[in-house]
Amino acid sequence: MVNVVLGSQWGDEGKGKLVDLLVGKYDIVARCAGGNNAGHTIVVNGIKYDFHMLPSGLVNPNCSNLLGNGVVIHVPSLFSELNNLSEKGLKDCDKRLFISSRAHIVFDFHQHTDKLRELELKGISKDGKNIGTTGKGIGPTYSTKASRSGLRVHHLVNDQPGAWEEFEAKYRRLLKTRRERYGDFEYDPEEELNRYKKYKELLKPMVVDSVFFINNAIANGKKILVEGANALMLDIDFGTYPFVTSSSTGIGGVITGLGVSPRHINEVYGVVKAYTTRVGEGPFPTEQLNEQGEKLQTIGAEFGVTTGRKRRCGWLDLVVLKYSAMINGYTSLNITKLDVLDTFKEIPVGVSYSINGKKLDSFPEDLINLGNVDVEYVTLPGWDQDITKITEFDQLPENAKKYLKFIEDFVGIPIEWVGTGPARESMLHRDV
């Protein structure tokens, strides 16, 4: 059985908290896409754990964790993250972590050229805007993957005669093409290669044929939870291109990033922030560049875990949610951070887009059109009540229930969980 947790907006919805809540019921937690450009925080027994690349199932000592073939791995960051978790009391994480032999490696020069590429794109952009990359080398690594010149984990850990020499030769060719593309930037390949000789031995015990690993687990009745990274609106195909990440962040990325058949996927949980946020540039129809937006940002503590950047804030956009639900096929929803709306007297919700008075039937793929939409709002009454101490769904204020019911009715998907505060236990559940 495979269940999936996916972000429905532009990321930072609180996926990790739901995974943390569910992980005790699963044998394996897997990631299928992205790298250390993701970021979420989990609080367990008062200890805060920051996750970027690693599956958050590591907080459960009885759970195995998998980085699938669709993930791109910056090896130094992987070990740094493992060390940080160990220092905070999570033991034997390296023994509970398995890494796909097919996953591609992010080198330091990928990160360096990521920033150069950002400057280049800004220079040719009509409005001079950045894509908003995290600078972690994710895009350049997926680029070399697509051009069939990248290096995978199995290239690094192979012990056959001549394998290291082949790895080194491919590495140098890859670096040479980067320098031809971006100029002779300052870089020490010998230092990086020496580091990878050491990483090779440390990585080897964790590396598996992930396609066999996960399908064998399915065949043996293991329960698997897939932890999506980023969110649908950052998907390379379905997001607000080019202000997106470089991988498939929706349900398609689960299939291609793990090698799992669609027929094995059971539940798909869509995580939805009760309002909308976005990090970096790109269109954001319901953004509030006013006191309301600042209030959402302040109360919601909207700063990125990975970048530290302020998140842009706006009202819940049900056009976005309906679009992502259509693609990902959510079976139920988790509404997060509902408590951030506690003090708002009125809460507008975006329900449709129009251009020049003409209502749009679908989410615009063209950013010029998207940047010119007028949003139709329905304004719902607030509840003006602290909900952070509430422990049962039925105890929510009537207007909070009406807000949730409006969402359910609009998208036609039941809400199974509601987040009412930052604490681990601040999550209401109801049977759907």
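Using N, Cα and C of the backbone, Cβ positions are placed for all residues, glycine too.
Taken verbatim from Swiss-Prot:
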ACT_SITE  Asp12  active site, proton acceptor
ACT_SITE  His40  active site, proton donor
BINDING   11-17, 39-41, Arg311, 337-339, 419-421  GTP binding site
BINDING   Asp12, Gly39  Mg(2+) binding site
BINDING   Asp12, Glu13, Gly14, Lys15, Asn37, Ala38, Gly39, His40, Thr134, Arg148, Asn230, Thr245, Arg309  IMP binding site
BINDING   Val305, Thr306, Thr307, Gly308, Arg309, Lys310, Arg311  substrate binding site
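The most crowded of the recorded positions listed here (Lys17, His40) is Lys17, judged by how many other CB atoms sit within 10 Å of its own CB. The recorded positions listed here (Asn37, His40, Gly308) include His40 as those with a Cα within 10 A of the Cα of Gly14 (GTP binding site). There are 24 other CB atoms within 10 A of the CB of Leu338 (GTP binding site), with all protein chains counted. Classification of Asp12 (active site, proton acceptor) by DSSP places it in coil, neither helical nor stranded. Closest in space to Asn230 (IMP binding site), of the recorded positions given as His40, Thr41, Lys310, Arg311, is His40, taking the CA atom of each residue. Ranking the binding-site residues Arg309, Lys310, Arg311 by the number of CB atoms within 10 A of their own CB puts Arg311 at the top.
Asn230 (IMP binding site) falls within neither a helix nor a strand when secondary structure is assigned with DSSP, and so counts as coil. In this structure, the CA atom of Leu338 (GTP binding site) is 14 Å away from the CA atom of Asp12 (active site, proton acceptor).
In this structure the alpha carbons, written CA, of Gly308 (substrate binding site) and Gly39 (Mg(2+) binding site) are 10 Å apart. DSSP assigns Thr41 (GTP binding site) to a strand in the three-state reduction. For the recorded site, Thr420 (GTP binding site), the DSSP three-state label reads coil. The DSSP secondary structure for Lys310 (substrate binding site) is strand. Closest in space to the residue listed as 'active site, proton acceptor', of the recorded positions given as Asn37, His40, Thr41, Arg309, Thr420, is His40, taking the CA atom of each residue. With a 10 A radius on its CB, Gly11 (GTP binding site) counts 30 other CB atoms from all the protein chains.
For Asn37 (IMP binding site), other Cβ atoms within 10 Å of its Cβ number 27.
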